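As annotated by TrEMBL, domain 'Thiamin/hydroxymethyl pyrimidine-binding YkoF putative' applies to B:4-83, B:122-201. What TrEMBL lists as thiamine binding site is B:LEU9, B:THR43.
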2 protein chains.
Amino acid sequence: MFSGAQISLYPMTGDFVGVITRALAALDPHRDRLRIETDDISTLIIGTPDVVFAAMRDLFAAAASSGEHCVLHATISRGCPGEPDDPICQTPELTGPMAPLDERKARAHQAVKDAAVIGQEAAAQFSLYTLGIDGHMDEIYGCIDFLKNSGVFEKSKNFCTKLRGDTGAVFSTVHEALVRFGPPAGHVTIDLTVSANSPSKR
Amino acid sequence: MFSGAQISLYPMTGDFVGVITRALAALDPHRDRLRIETDDISTLIIGTPDVVFAAMRDLFAAAASSGEHCVLHATISRGCPGEPDDPICQTPELTGPMAPLDERKARAHQAVKDAAVIGQEAAAQFSLYTLGIDGHMDEIYGCIDFLKNSGVFEKSKNFCTKLRGDTGAVFSTVHEALVRFGPPAGHVTIDLTVSANSPSKR
């Protein structure tokens, strides 16, 4: 298994470099379980999905606590057949046979219920892509059904689903979408946008 | 067929609202061929892929001409089985049988060669997802081969491919990736990030 994300942080302020630099300290508790590489468009974080999502959540919350309008975007992937297996990504969660959809939805709900409360409101939208399987829309519709009952569902949009709530519950919900839908060892990706402090109307 | 994109523009300046507002005029020549809806995370533009890409290109170039570090993100989709057919999206390009890969690559190269020169440098990265088909990686590898010879290829990254060049050629290349790979009536999506004026090193 290979899993991780290409992430970018966009603080809408002339001091965007300062906001990003100060937020980076939030990655420190996660660094020993991640491989990290940066260029001028994004930062690659490779690790198990739970660590990758905790790192994104803490980075986003740190940037948002500046009070500036901040957006985090992530291109998230697990199980891409074009990537090599990596020991830093090994997780028992993504092995074994695929459980029935209802069982997976129940586990996803429990995980979101148990999510840490961060105390920062986040709006988010994301698209889930389950690749290389027949009937990919069945998994996507199963996921959308989970999202509608996740407690952070805001609305369905064309091409994506929109969430709003505490940063902890929002990132936990997207994490569950990645690991519970599509086959355990399958190729699943997410296109995620999370926003805080927007002056725009909903 | 239903096709379009959820797009967001991120100017890294305290005057982000001003930069966005002034850039919106660039959409005017395209408005009569698009359906547009906006909320606090993104703007939906629905239309044929050629119009959607021309609109994104012109919006990005207008924002980037401010000189500020600006990023455009787009979640692009065509042929999603969960969306209704829409007359505004009808295009002869996305009907008929799937041509051989080499023929599609040749057409893609010709289109990029003919792309308008915009005079604004852009760095970009994107992921192509061909859904609901067996052997999805064959289409993705075919696309990557096209990208490597597109004239705007910068490097392969985990989960995506990075481009750099004139805004016209960059958007034309991503447009060709969307319409030439995967079956003509198939479900294909792209997660696209385009950046200008970044102070970060490559």
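Glycine is no exception: its Cβ is also placed from the backbone N, Cα and C atoms.
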Mapped DSSP class for B:LEU9 (thiamine binding site), helix or strand or coil: strand
Per-residue pLDDT averaged over the domain 'Thiamin/hydroxymethyl pyrimidine-binding YkoF putative' (B:122-201), given as an integer: 95
All-chain count of other Cβ atoms within 10 Å of B:LEU9 (thiamine binding site): 24
Sequence-distant neighbours of B:THR43 (thiamine binding site) in its chain (C-beta under 8 A, six or more apart): B:GLN6, B:ILE7, B:SER8, B:ILE36, B:GLU37
Helix, strand and coil counts within the domain 'Thiamin/hydroxymethyl pyrimidine-binding YkoF putative' (B:122-201) (DSSP): 27 helix, 32 strand, 21 coil
Number of helical, extended and coil residues in the domain 'Thiamin/hydroxymethyl pyrimidine-binding YkoF putative' (B:4-83), per DSSP: 34 helix, 25 strand, 21 coil
